[in-house]
């Protein structure tokens, strides 16, 4: 390693307020001197705010930050805007009746410059030589950005903070900048804000994921799994892709809009003398999203399986589902066609050596594995789902070789592929780590944007809430 | 009652034995229609009875269970199985008179008494269904002329029948109509609808005859399926211990070895199973199998002959009449074998190691499958039947040994299969005594110790050609093609 002689930068439960417009809360973060970070997250999550804190912006309300270096090189849109505003103010403040030229570019770059030689070289590389005498405020956005970059790079910074440094740069400049940054990795720790993973330079060692004003995750790039999951999460959160359409060839029978989707009357499940569910009345109207909760053993899954037809006692109960009064000669497949279903148990049962794409397509057939030839259109729709999940490169990978979280995502896509009138998510985050939990919730939120599916969400984690659910059923444990 | 098969003239015997046709999916286009709205009453609520009933009900059919009064009064397991799953349960008198179809899913041994009790209660023109033809063919049960008699036999344990249905699939199923009892000509339509109701049509249905089913089923289960695996387990274990191999290791190699090597069999036949070996090991296994086939062929012939003549069923029925004295004694003896008593050791054995160190086991499976197939087809059983009753079912039985050794295998299979298995085992162990004396740990337990894997080209070609051109491989590749999807799920 080169000449880095800095301390770790330590955030200890830091809460920062930005003019009451935005708050970053409870940030715990350690940046070591030989690390290069990318801060990422969705729009408005607080990425730039977090980067700005390193440059001393914001009012620390709580917690401590130690090890912040003195000399920070900062490039960001906010800083750029501020500089331009300052220039314009100079103009306004001019009381003499002469036209102010504003500060020329060479002054902006070379006054107080720590490394004029480097600055000169960069001016040439960035093609600013012709513009040195021009007023800074007359430059285009791209040109002012280049000036900002040169100022920051030639300031011999202890740390470089680059907020979307590649935005608005032409291809040549971009390559040049990337090369230059790569050449200083040994001497200058860098922290970048980037929206797009594909712009991430190779030398980046760590990624910070910001969500909703919190530092939600930090990932060591060497941890390939975590890195891929983060990529997927960001993809899901930021993609313009929406949930693929249903297959017109797999059209479900129409449901009577005046009938409820599900109506249980005095539903009871018992084994011998043990009563698991006792006389439950429950009606789910179309479009009425429900959350079902209750402790282990309260019969949540039992109630669900009465609805899905997987529980043998569905034949001894008064159950109306999707237009069928159960036990009148309907087959289980006539019921299942209306339901998309995801649960941990399903994932355990889905022990097949089939491809990821086939797992999604099997949702058209309500089967575990594929036993029919799929149509071209089904394959196309499955591809669209894979693209939405950011997994198109794994279409033909064996499902059972995927990570647990990826399997869950695919099973959710499988459940949704036919746009079922009822989507049952039985503890969809159970057994998932933080990252995968966020991934799954992001996917579900995406799904809930659609109108035709009624969601029945089962969990006992209060923190996993889904927007748009307004009905709650709580089950108690019997005895 | 006389053995039904033996009452037929040779011409008809051969015709019935030769019945077996793989049905096309399009033949099931009517779905369960033929059974829709009909009252199906299942007798017996064991693994087959319960799981077939669950499937049929989930296919929209009306299913209830008729049990003996004492099973209901004492709330026996069969009563619990049926009631906890929400089925109507009643006595024969309650339910049989209302039944359009009576599904006899009791053990073979009870068939005569069950059918005799049920038949007078059945309504005019109803249907009696079996999952195994033993009662009709071997016991010669005469069924009332107005009743239709069919067979629907899923070729898997009851738990698999259910599990595959729930996945949206099914298990390969054999159906047959007893031609002497098809007064309205509706037997085939009912059998097909029944097969659809259990999901069997998705995995492939064989149209067979009662006779072909019984004679091939008995042969398969006695020899390769259960007999060979039991004999092989006992001999291989004792040999390994004699050769100084750790008993825990030996126990594990056998317990899971059958399952592992027959998994390769399931995917790609005998050829693929042997292709998993190195070339020198493959040639070794081939030679051992040839030797085994030569030694065991008379035994396979005897089993087939005794099955055809009815001698087997006669002696077994005598044992039934004698309170299962032989069966129970043999069952107790099996529990006392060293293999059964030695738990699998806590050692890691990789998938490939089961092949490399289990060359003799591979050879035994090859010899048993080919012999059973050859003997069956020589006796007039058509190749498709012979394939299902030999190669196809071997992995299923091997799975039971992996679960809990020979105990589990014998507990899972029918009493008829278990009885035949012991007969085979008692004859085969002494038969192989000399052969096994010459066996060393290189083919069981340690693997070949060779300098390199070099082999003679001409010999390898010879062996590969022989493997690939065996008739069980030809019919197997066709039938496995039909069930291409099957391999994706298990």
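Placement of Cβ uses the backbone N, Cα and C atoms for every residue, glycine included.
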Worksheet entry | Given TrEMBL lists B:389, B:393 for Mg(2+) 2, the same-site residue among B:217, B:238, B:246, B:275 | B:217
Practice prompt. Going by TrEMBL, B:45, B:46, B:47, B:48, B:68, B:76, B:78, B:108, B:109, B:110 bind NADP(+); tell me which of B:140, B:158, B:168, B:170 is listed for that site too.
Written response: B:158
Worksheet entry | residue B:389 (Mg(2+) 2 binding site) and residue B:78 (NADP(+) binding site), Cα-Cα, nearest whole angstrom | 29
Item to complete: Check the binding-site residues B:45, B:47 for other C-beta atoms within 10 angstroms of each C-beta and report the one with the most.
Response: B:45
Response to the item:
Of the binding-site residues listed (B:78, B:414), the greatest number of other CB atoms within 10 A surrounds the CB of B:78
Discussion item. What does the DSSP secondary structure composition of the domain 'KARI C-terminal knotted' (B:354-486) look like, as residue counts for helix, strand and coil?
Written reply: 99 helix, 0 strand, 34 coil
Worksheet item: What are the other residues, in sequence order, whose C-beta lies within 8 angstroms of the center of the C-beta atoms of B:217, B:389, B:393 at the Mg(2+) 2 site?
Response: B:155, B:216, B:219, B:220, B:221, B:225, B:388, B:390, B:392
Worksheet item: If you measure every Cα to Cα distance among B:45, B:46, B:47, B:48, B:68, B:76, B:78, B:108, B:109, B:110, B:158, the residues said to bind NADP(+), what is the biggest one in Å?
Response: 21
Practice prompt. Tell me the residue counts in helix, strand and coil for the domain 'KARI C-terminal knotted' (B:209-353), as DSSP assigns them.
Written response: 122 helix, 0 strand, 23 coil
Worksheet, complete the sentence: One residue among the recorded positions B:109, B:132 has the fewest other C-beta atoms within 10 A of its C-beta, namely B:109
Discussion item. Are there recorded positions among B:45, B:68, B:132, B:278, B:389, B:393 that sit within 10 Å of residue B:221 (Mg(2+) 1 binding site), Cα to Cα? If so, list them; otherwise say none.
Written reply: B:389, B:393
Worksheet item: Hey, which of the binding-site residues B:217, B:389, B:393 is the loneliest by Cβ count within 10 Å?
Response: B:393
